[in-house]
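Worksheet: the structure to be examined is printed underneath.
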């Protein structure tokens with residue numbers, strides 16, 4: 001790339017080799033070049049030549065082959081020159097490619113990374129270093145067990161070479177075990193370098209090495225070619241096999257998320273694998289199927305008597321079979337499937353497995369309608385059953401060719417116009433809503449006038465942008481409801497010139513002398529006793545707030561994150577987690593009456609409680625759980641104690657930055673990631689790979705943005721229509737098997753996570769009465785303070801009823817529960833089964849209703865205060 005690499009030695013003793021960020025020189029500064037190397041997986045790989053060499057090795061080993069390169073070989077920007085240090089290299093090399101047939105089955109990866117763990121430099125470590133250099137591997141050297149583990153967790157090497165010749169510097173087997181205890185080591189090959197056995201001693205057994213986690217043993221030999229041969233054998237043997245195993249993990253992940261039912265059997269028809277879609281379709285759990293013969297499962301009596309013999313005759317010849325087959329579900333129902341069975345040739349050129357793909361043959365009403373329209377309109381291209389069954393995936397749309405040909409008798413014009421019209425049609429029908437509109441338009445053609453007019457009205461509604469949001473004006477003219485809707489569901493009313501509200505955060509740190517815990521085991525006994533009850537919904541967060549001096553988030557976070565194995569998933573230490581929780585909590589404003597770290601801890605507690613419910617747990621994987629807990633922790637970080645509407649009306653810096661759209665929610669997520677990644681001491685994401693990080697980050701952002709109230713009804717209605725209604729139909733024994741619930745589909749997992757954090761965020765009315773009353777007082781005080789400031793600054797008062805002199809808190813709570821809470825928690829309860837919460841909600845509503853009937857505007861009756 002034209003840059004000179006630099007060598008960095010960390011404080012922990014790892015020699016890190018990387019390209020220099022400071023050099024922009026296009027010149028080649030190395031006096032040592034590399035020859036051709038062995039192929040790796042048949043892919044072109046460019047490396048930076050083991051990152052770099054230690055200074056002592058820069059001149060090359062004795063007898064090293066030096067190859068001069070032409071400008072063409074080095075590239076136009078990498079000519080040899082005299083500038084730059086003469087002992088550093090920046091080389092790229094290319095590997096030859098395998099056949100296209102093999103390449104199609106491979107997964108790409110960068111050059112092999114090797115970690116050498118030697119306490120001191122000697123001829124053996126030199127031999128492996130130069131062998132790595134010759135092979136084009138990226139190489140690091142670690143001198144201590146601690147630095148070795150740190151380096152491995154950072155770079156995830158494919159090969160690790162550990163010096164096992166002497167034990168006075170470190171215990172090689174202990175080092176190996178510590179590496180094997182980490183998740184990234186699953187596909188790593190670890191090589192032990194052992195001393196040559198003397199002639200009078202019997203050669204030692206390799207079993208202790210294997211038990212410690214080593215894969216291979218290498219007899220001490222400092223010859224570069226011996227080390228090179230060993231590494232090349234490992235690359236072409238174990239490393240390549242490990243990459244195939246990694247690819248298998250990806251394949252099985254794809255199978256688990258595939259919408260088609262997949263069944264894999266052995267050559268004697270013993271079931272060896274079924275995916276979740278198969279379980280949903282057939283009603284069995286895979287534990288009931290694995291290891292059973294297909295002949296032992298119940299059969300449907302709707303198939304032809306000779307169908308099974310026909311299928312077996314076909315597939316035993318190595319031919320693929322596909323057709324319609326009736327299967328019997330666990331419930332006893334017969335379902336019609338389109339089945340495709342493929343024999344898999346394995347060892348010895350014989351059939352070793354059969355892979356079956358199964359789809360339900362269920363024609364929806366819309367498909368029937370389209371089929372009828374095609375038939376009635378005389379479109380003969382779709383009249384053959386076979387053609388109809390195997391036509392384009394866009395079968396739910398009207399054929400463009402038949403439409404365009406109706407009004408024209410000029411074939412040449414039609415032929416010229418058809419390709420462009422088809423392209424336009426293919427662009428517009430991809431969106432699901434467009435498919436729906438096309439189906440309705442087709443249905444109108446043969447419908448009575450009254451039905452056609454009704455469908456016109458349906459089309460008008462479908463063409464609006466807010467399909468899931470209710471018409472707010474249809475609600476009763478209750479001022480409390482109107483103010484809540486205006487204050488929480490709009491991003492601002494109007495901008496008043498000259499009234500710029502500059503948002504400045506004021507972080508309040510507690511000055512108590514309560515020492516922070518290093519781990520969950522170091523929590524003071526008084527706090528630990530409170531946290532013993534944190535799994536209960538009735539957990540009192542205010543007691544934790546008091547005993548922790550308004551720092552409940554760190555302590556509850558340590559306990560909850562430990563319970564869900566967050567550190568293990570993120571591959572970080574509890575010290576890093578504690579530092580992160582401290583930073584996040586420090587950026588909550590303790591001066592806020594409501595939006596402070598106690599509210600964040602309360603939302604974290606509710607989220608953890610929901611994650612423990614059986615159906616929620618069964619719908620999400622561990623990444624979802626970790627993302628939900630992190631999102632709950634950061635969802636209101638740096639909240640100013642003012643609503644989005646206030647910030648937009650005041651022209652705050654944040655409102656300008658985020659274009660008056662989801663201002664606070666966008667700020668919470670952005671700041672949370674900024675705080676996390678700017679300091680490695682609190683960066684809980686530093687040890688996860690890029691793909692996991694991006695997936696986790698996207699999930700966290702999506703959940704925090706879901707707490708914005710402007711899309712409240714959209715999220716709730718999508719959840720009801722996509723999750724609750726299919727579940728209800730399933731429980732009622734619906735005959736339609738076309739659309740299984742699919743709670744584990746990614747799009748449905750997103751809806752579940754959004755609904756979960758939304759409910760956790762506003763769960764105060766579902767808490768025990770004393771807690772509910774305290775939260776009501778706090779949120780009212782925060783709204784009162786906002787109204788006071790709006791009046792002082794001459795800003796629009798977005799919630800006039802929250803005037804501390806006239807407000808009825810019971811009325812505001814009743815309106816909030818009626819408008820936002822009841823329907824949402826009814827839907828969430830139908831999914832997660834939360835009878836205790838719903839009872840609290842009913843009791844609390846009764847409390848507020850009693851106060852309102854008595855014309856009491858306070859939190860409690862005066863006699864109860």
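Each Cβ is built from the backbone N, Cα and C atoms, and glycine gets one as well.
Taken straight from Swiss-Prot:
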- 17-40: region 'Disordered' (REGION)
- 23-36: compositional bias 'Polar residues' (COMPBIAS)
- 52-92: region 'Disordered' (REGION)
- 75-90: compositional bias 'Low complexity' (COMPBIAS)
- 247-318: domain 'PAS' (DOMAIN)
- 373-415: region 'Disordered' (REGION)
- 402-415: compositional bias 'Polar residues' (COMPBIAS)
- 497: phosphoserine (MOD_RES)
- 519-855: domain 'PDEase' (DOMAIN)
- 595: active site, proton donor (ACT_SITE)
- 599, 635, 636, 761: divalent metal cation 1 binding site (BINDING)
- 636: divalent metal cation 2 binding site (BINDING)
- 731: phosphoserine (MOD_RES)
- 734: phosphoserine (MOD_RES)
To the nearest Å, how far is the Cα of residue 599 (divalent metal cation 1 binding site) from the Cα of residue 731 (phosphoserine)? 37
Inter-residue Cα distance where the pair is residue 595 (active site, proton donor) and residue 761 (divalent metal cation 1 binding site), in Å: 11
Could you state the whole-number distance in Å separating the C-alpha atoms of residue 635 (divalent metal cation 1 binding site) and the residue listed as 'active site, proton donor'? 10
In sequence order, which residues at least six apart in the same chain have a CB under 8 Å from the CB of residue 595 (active site, proton donor)? 588, 589, 636, 639, 641, 782
Across every protein chain in view, the count of C-beta atoms other than its own within 10 A of the C-beta of residue 761 (divalent metal cation 1 binding site) is 22
Simplified to three states, DSSP reports residue 599 (divalent metal cation 1 binding site) as helix
Not counting 599, 635, 636, 761, residues with a CB within 8 A of the CB centroid of the divalent metal cation 1 site are 595, 600, 603, 632, 639, 707
In the structure shown, which of the recorded positions 599, 635, 636, 731 has the fewest Cβ neighbours within 10 Å? 731
Would you mind pulling the DSSP three-state label for residue 636 (divalent metal cation 1 binding site)? coil
Across the whole of the domain 'PDEase' (519-855), what does the mean pLDDT come to? Round it, please. 93
